[in-house]
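Taken from TrEMBL as is:
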DOMAIN    34-790  domain 'Alanyl-transfer RNA synthetases family profile'
BINDING   632, 636, 747, 751  Zn(2+) binding site
């Protein structure tokens, strides 16, 4: 069979693997038809038309339900459920055997991070396209190698004498022998032994992660120079000899204990970067010289005030101009693709990485290329022109992409100005003697304003100051620790591995029947959930299938049927427990319910022994389930209401439904106004009060997608799929006999049968998570009632406080400060109590005005009191060069204002005032010195006195303040005066 395949794929009338003279000659030029688009379509057509592969569209760069990834960074990401055996057997993906696609990939942040390399060389990118073909249990090594060689040498016309092939040499420590099968296949194809090179684990053994499917790989390398023996340059990081295609043969599973076991089904996973392939076929040494980038580089030059791109690197690239061309052309592609796929610049995760990419692009645009503001976004149409035909979402989202880039650029440039001012203000305050800038300030600038750390260094370098490197490293490490701690805080699950899933299939264990989760009914406004008795079909102890588990053991239980809902589609899993026949008084609490490869796995810590064949009774936590149903149906209605109020451009970007609340993320330019929030809430509650019927029906996926107004999200749906519609039966929507607009979505969740059970919905929070993406938190039922009651109480409190402030003015500072404090306490209550968000915003606006009024009152009273005390002190001390005295007040602000007023009347005086709080022993301290005083800086004076009093102080060379404590204010005054005189006499 192998020989027949070899003959079928070889060039007709020639030696295997060798080109005719005509095709070899044509390669030396750059045929006009050899565009990047043509190269991509040739790849896809070769596998689709000649070898029966299914063309699968690229998944978005935001990973589907994979928290281990920031971005999709390889072609295989969307197929991980197949490799892991967890794919839903009812979905289209479960039927995949031969697949081909061009996958959008981003490598920036996380394990694969090429961001800092982009621009420094001519082949690293943050966004790239991965061409790939896959076999899932269909063909294996022979066919994969034959197809690859045929495509490269016959269809693309690459001379065979430019190609080198690597294969896995084996690894004794792992017990792995050399991949002699692959070596022999290449020899039979016609690759000379001198061009067939063995390498170890690092180069030629591919692993998905610390555990999971893995296997040897074989790589095809291309020599840009040709006409020589370049074997020694393969895998040597030479820019002249580059890897162009990697063929991975998935045949092992890496266990948790690091051992390897053969997979039940062998697969092929290949990846070839389009950008590198295009550079080879267009005869370019740089990816940036291909037609994927030249239109962008041309447009960048049109918008800049520098010379044209000339491809220089390193020291030859004066002013980093060519590096800037490469950075901007790469980053604008990444920004366009990510924003089109719903990833917006933000403050954490993938959003934070995209924020850094955008700001890096803006800096190179403005600082190096001297392009005007807005130039970056103006490149988006060029990206759409070069990529939009294969990724049509770029056409649809072009305007939104430009808006997001422009708004973020504007914010960044203003942040740069704000950050520069903060740096200079800090420099003016600090002591230059040690030349060390506070790391906390630098880190705050970077974290909160996105101010680049290297820009901080440049500004400080001009002043002869640097950031404390050890302290900065500590803050960065602390930040990483917190971030990783948040990620590792996810609940650990007892998940079936691929070998256990395969074993279940080998043993013909049927998939779990979970249809009972939908079989509930209404009886006089009460939901009746079905009873469920089941048989234990399999037990999983975290490593393998077992026939029995003992008491106290954590395990996964697979039953023949279940009424429990497994977590998917954003809805939390069901809670409850089951009991074993004969032991009805011993509950087995169900901690988690997950779906893997058609099997519902109930995670249990056993209360007694359990074995396969046992009969169990399932007890559903009906209150929890009904709460989830309420929130899920409310989420659908909220989605519909947002579209009704804001328009059809609103796109769902994520949701989560739990028993206590719902969370909904959606695309919108800016945060909702008070009026819009009111309208959305009213729209939802009109549907709720109408008690409309919620219809559901299972349909073939293709037929379901034909429904007008259907809302979907980027998920792999089962086939057939469940359609959930409010008020209008699904059959009417299919017949297209109705013009009624309603909520209709593909959804596997559990829903109410009538909307009235929601009772009420209140949006308690709405804010922009990142620019262009808002998040709503909403509550229903009694929680909504409590939110409405709470806002009535707080409204009355605000009314009462407002009346107090607009009445007779407070007579004393103490009463005014108490009033200001009451405003602050009430503001905290309004900020943190669950309330209707539109009313919260109204109350926050009123409280901000009250806070301004109360603060003004306090300042006026303090100024009046300070003026009186300053006059008394002036009469007592006169205009001496040194005034150290005490005042009676409980306010440090009054002490400071008194010092200021004394100094304004007597500008040549060195003034320090102390205020003694007799009941506590606390001492308030403030001082001010003349502008030309060099011998006694105010900060040194205050720090010395407050340290003497066991406290601390701070300030500038002119004014400073602090606190300490003492039982003897006379001694404190004497010490402060003596310290000043000694320093003034120097």
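Cβ coordinates are placed from backbone N, Cα and C, and glycine is handled just like the others.
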Residues with Cβ closer than 8 Å to the Cβ of residue 636 (Zn(2+) binding site), same chain and 6+ apart in sequence? 724, 726, 743, 745, 747, 751
For the domain 'Alanyl-transfer RNA synthetases family profile' (34-790), the averaged pLDDT of the predicted model is 90
For residue 751 (Zn(2+) binding site), the number of neighbouring Cβ atoms whose distance to its own Cβ is within 10 Å equals 23
At a 10 Å cut-off from the C-beta of residue 747 (Zn(2+) binding site), count the other C-beta atoms across all protein chains. 25
